[in-house]
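Trainee: If you look up TrEMBL, you'll see A:225-420 marked as domain 'ABC transmembrane type-1'. The feature transmembrane segment is assigned by TrEMBL to A:41-65, A:111-130, A:137-153, A:159-175, A:182-205, A:225-248, A:260-284, A:296-316, A:353-377, A:397-416.
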Ligand SMILES: Nc1ncnc2c1ncn2[C@@H]1O[C@H](COP(=O)(O)OP(=O)(O)OP(=O)(O)O)[C@@H](O)[C@H]1O
Ligand SMILES: [Mg+2]
């Protein structure tokens, strides 16, 4: 300290320099434009071209929106109303609104059921997404939601989902009793207890088919954006845990487990989703004993879940590999066993690294649900290309319908992506 | 220091290693290791890089598997039986060169995790124990920070506290100070000296010769996977027997 002082020249300021405002060009819009839009000749040319393009787009598209017709019964009526002007025929959206959202054979008087299920979905995933900012009691709703939603959408007696739920609860209780002795015993006992409960509960369901029953709606009546949402939520929430298990299995020391996981992942990743959907639609029927009806939606859910689980497994494996070996060793050296080390130390960190990748797969999966239109299911795209575009009233209408479908998907996918960015910021604790 | 070396060493055996051998593939890392550690003994292991020091102490809590010979820790034979391995690991604390704290948990959570999940201690009690040991390593005020917000020396002291929270009977240290700046080395060594004075059984891989002179009962010199020489610190430093030891000591004390 004193050394440096001794070497520097003595200097003491006697007058204060008064504060001055920044020079004009340093701040404000002019400076921003100079820096960002016109910083070089090349940049200026790009700016001019881009602005011209945007202006052209707005000038051409704006009248199409502004002149849009919202009330009409057919494309002919639309054209008459437009009277030669350019303009969109949004009337198809208002007239076919319910079909776009629910498909064409869901009973009209039951529309409130999927709508309620959708609202409850938002409420019940909130505590999962908000990470401890909401009361823990809300997790009860999350736990019963799948059963409630099934009852609301498919109908039938409430006993079916209740028995299913009770089976899980009984199985879990048996598991937690027995797992203290050994994991294998817990797993086996839990499964057995659940199966027995379901078997016995089956009689109860048969005995009272009208207890708190909603009109039954068969799976083939599901359609529209509702079908995309059902497939999307169910498959995402099933494929994340399955993907994690596959990733852990692939890292396992047990050669059989590892082998099964590797073969599964590599096989699924090597096959296009469309192929799997055709398998679900046609081929599976050959393998099933004749006369069994194995719900088509269930088959499709299984296929899409397997498909995205394989991708999620690879994403999670990347996250696992990115963790330093020291984390595994520290967990081991403290005496944590394998499940504890995974759940408390390894997965929280590996999943955090994997969030962008998992979200990528989830968004992709959600958009891929429109592929079911290829196996003649009437999801949003299936409805548009089938019943709506082929009706005589709306023959030849494209932009409005597909634009609307794109908007629906964009809203969902953009929200997912915004959420994941928020989550990543929340989990930022390492301050590296 | 004479006072320290005179500290009680009981006749009870804490670790007994017999004729232990380990290979990495075909590479023979540890050859015929024989080592008996009494309860309360403080042993410093040194030797050139790659001589197998880390491998040796990692074998003691089964982070590495040995292929031949036997290791008995606290009366429990180390075999491939997972029950025994978990038992030994919960009795043996370990500190690593790179601390290996859990970055997604706070300091307090780092310290309470294993007691809660392995020992099934109630959370309140585990937190009290954790605060006790954090006070001992002199950083109770950092309890709610994350590891990434602490200096290297503080992180290593947290790592020591984390191990101590399991109330281990034996502590293993693998070069706990070699990733630290000089001024932080002292704070970590002070913590370790305090621990030694309380009679903890310690095995410590380190090149801090001052520390070895002050606390060790025995210094072990390893080279090429073998124990070449072991002796009391005074004898070891002043009167080394083998040429390899002399060369090594002249290199690290020499400059
Ligand atoms: N996982 C491994 N696979 C193969 N060889 C290894 C592995 N780990 C260590 N080795 C080798 O075993 C030898 C002993 O390694 P070890 O880490 O025990 O040395 P060390 O004495 O601790 O050295 P340092 O002072 O550099 O830490 C080295 O030659 C090293 O290259
Ligand atoms: Mg080492």
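Each residue, glycine too, has its Cβ placed from N, Cα and C.
Where the annotation comes from TrEMBL, it is an automatic prediction and has not been curated.
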Trainee: Pairs of Cβ atoms less than 8 Å apart decide it: which stretch in A:111-130, A:137-153, A:182-205, A:260-284, A:296-316 has the most with the transmembrane segment (A:353-377)?
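Mentor: Between the candidates A:111-130, A:137-153, A:182-205, A:260-284, A:296-316, the best contact partner of the transmembrane segment (A:353-377) is A:296-316.
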Trainee: Between the transmembrane segment (A:225-248) and the stretches A:111-130, A:159-175, A:260-284, A:296-316, A:397-416, work out which stretch tops the count of Cβ pairs under 8 Å.
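Mentor: Counting Cβ pairs under 8 Å, the winner is A:296-316.
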Trainee: For the transmembrane segment (A:159-175), which stretch among A:41-65, A:137-153, A:182-205, A:260-284 has the most Cβ pairs under 8 A?
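Mentor: Top-ranked stretch among A:41-65, A:137-153, A:182-205, A:260-284: A:182-205.
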Trainee: Excluding the flanking five residues on each side, which residues at least 6 beyond the ends of the transmembrane segment (A:296-316) place their CB within less than 8 Å of a CB in that stretch?
Mentor: 219-220, 222, 227, 230-231, 234-236, 238-240, 242-244, 246-247, 250, 261, 264-265, 268-269, 273, 276-277, 279-281, 284, 350-351, 354, 357-358, 360-362, 364-365, 368-369, 372, 375, 377
Trainee: Below 8 angstroms Cβ to Cβ, which residues of this chain, lying six or more residues outside the transmembrane segment (A:260-284), approach it?
Mentor: 246, 249-250, 252, 294, 296, 299-300, 302-304, 306-307, 309-311, 313-314, 368, 371-372, 374-375
